[in-house]
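Right, one structure below, let's go through it.
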Amino acid sequence: MNDREPNESTRLLASHGQENESPLIQPEGNEGVASSPPGARRTILAVVSVQVILYIGSFVSLAAQLAILEDIVCKKYYEERLPTFNVSGEDRCKADAVQSEVAFINGWKDVFEILPAIALAVPYGALADRIGRKKVFLLAIIGIALNDLWIRVVFWFHDLFPVRAVWLSGVWQAIGAGAATLSSLSHVMVADVCPSDQRTTAFSYLQSATMVAQFLFVPIGGSLIPIDPWIPMFISTAATALGFLGALFFIPETIPPTALGNHNRVVDTETSVEEESSGRIRNPDSVKANSPEIWKAVKSTTKTTARWVFAHGKLVLVLTCFFMCSIGQQAGGSLFLQYASKRLDWSLGKASFFISLGAGINLVVHAIGIPALSSFMLWRLNLHEILKDKRIAQISGLFLVLGTGTTFAAGSWASLAAGQVLTSLGLAFVVPARSIVTSMVPKKHLAALYTAISVLLYGGMLTGAPLLAAAFHWGLRIGGLWLGMPFFLACVCFSLASLAVSSAPSNIDAGHDVVSEVEDEVDRTGF
């Protein structure tokens, strides 16, 4: 081992015999995931498996949760206006007032769930650099489990709680910052053990975990609704618990022990100096366990990380693609289910077919399409890694624009299916975009960078959820073509995201310029 300062990527570089290589891009070679050490393959497999289980919990209850909410709102709507009226049949719940209220509740529920994640994702990301990825990862799962449990309590006791009490579910996201931390740390743990030339492929497999769960379990959950919509909800809770146990026992800590030791020594040293100056010396064990000292260090790290992220304008411009893409993606999921159900006058269970169709195509794109296209561009066309990722992102962005535009103008199930197909072909956009920005920064700041990306993605959700819910409300009032107004706005956002990613450098020299300027800023701030 050489004498450079250890960081979270030191073990990986040493294990591949590349201690003297640039931290930006490792040389092209044969060190793919397949040639990684067995421990690296096991780590990636464990992370992907846990992701699959957690996403099963999320997607199996997607249509059921919407159906339960719709039923509660529908009954209250008719009971308040026609107390003696017998509410039966799903058609009565397709009234514009009911659908508007459901979209309103869902949109703001997403906002209140995202707010704690945005506020705390960066501190938790910094904490993961100090105490380890796995501990913070487990905290995030606990927060998600409690968040979902609160929603189930409100729905089960809807006579006791007002239905809008689901907005309080976001309070539990303060534990671990929820899905924002879960997403960023999943990518960090994979990046910790994966060579740069295989990073896009590895990220693609990680994203495939989402697609597998969505493809299989959205329709399964939808098919269980006629039997009892609570069955998918209980399956969801069990899957989340299983995911926690899987992470606890099978995901290893990927940050090197030497890095953890250095972080602990930094905290202890800062605390000791502060105590000596004030004439108070405490037991070292109590210092290490004292959370104010740790959070003081996390606050300092967060402030310096923010200066580091914004040290270069081109990097910031590329990063905006994640924000715009996230806004556009809010037109999917439950909002798309509502739109398809209303547009075609279908039941929610039947409309979930479109979600399954899109997930199946998205799975093929992530598991086969992106890795194959990446290899073709890298080895046959001899494109540089950054340029290769840039071209893949541009192609994906084009599909997103065409898909949401088609969905906006759809007038039949065939055109709606075509829109889903085109959109799904482009949903891999974030994978090459993430690889691009990874190539623009040093490896030692990956956790900070990925946390910043998660904040942007969840910031897009925070903005997009109420914006597109309001657009759907206005679309219901205007009617006709404008019922698909959320997808028109999504089309605009995807266009802006494509322009942002097109501003990325196309060669290694430009990438080195970014790193040099960022490192200069780091040196000036003493990070």
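From the backbone N, Cα and C atoms, a Cβ is placed for every residue, glycine too.
Per TrEMBL, the listed range annotated as transmembrane segment is 202-225 (candidates: 202-225, 418-441).
When the stretches 44-69, 202-225, 315-339, 351-379 are ranked by Cβ pairs under 8 Å to the transmembrane segment (480-501), first place goes to 315-339. The list of residues near the transmembrane segment (170-190) in space but at least 6 beyond its ends in sequence, with Cβ under 8 angstroms from a Cβ of it, reads 8, 43-44, 47, 51, 54, 109, 111-118, 120-121, 123-125, 128, 133, 136-144, 146-147, 149-150, 202-203, 206, 251, 254, 434, 446-447, 450-451, 453-455, 457-458. Here the transmembrane segment (231-251) touches the transmembrane segment (136-158). Their Cβ atoms form 3 or more pairs under 8 Å, with each pair 6 or more residues apart. Listed stretches 44-69, 136-158, 351-379 were compared with the transmembrane segment (202-225); the greatest number of C-beta pairs under 8 angstroms is found for 44-69.
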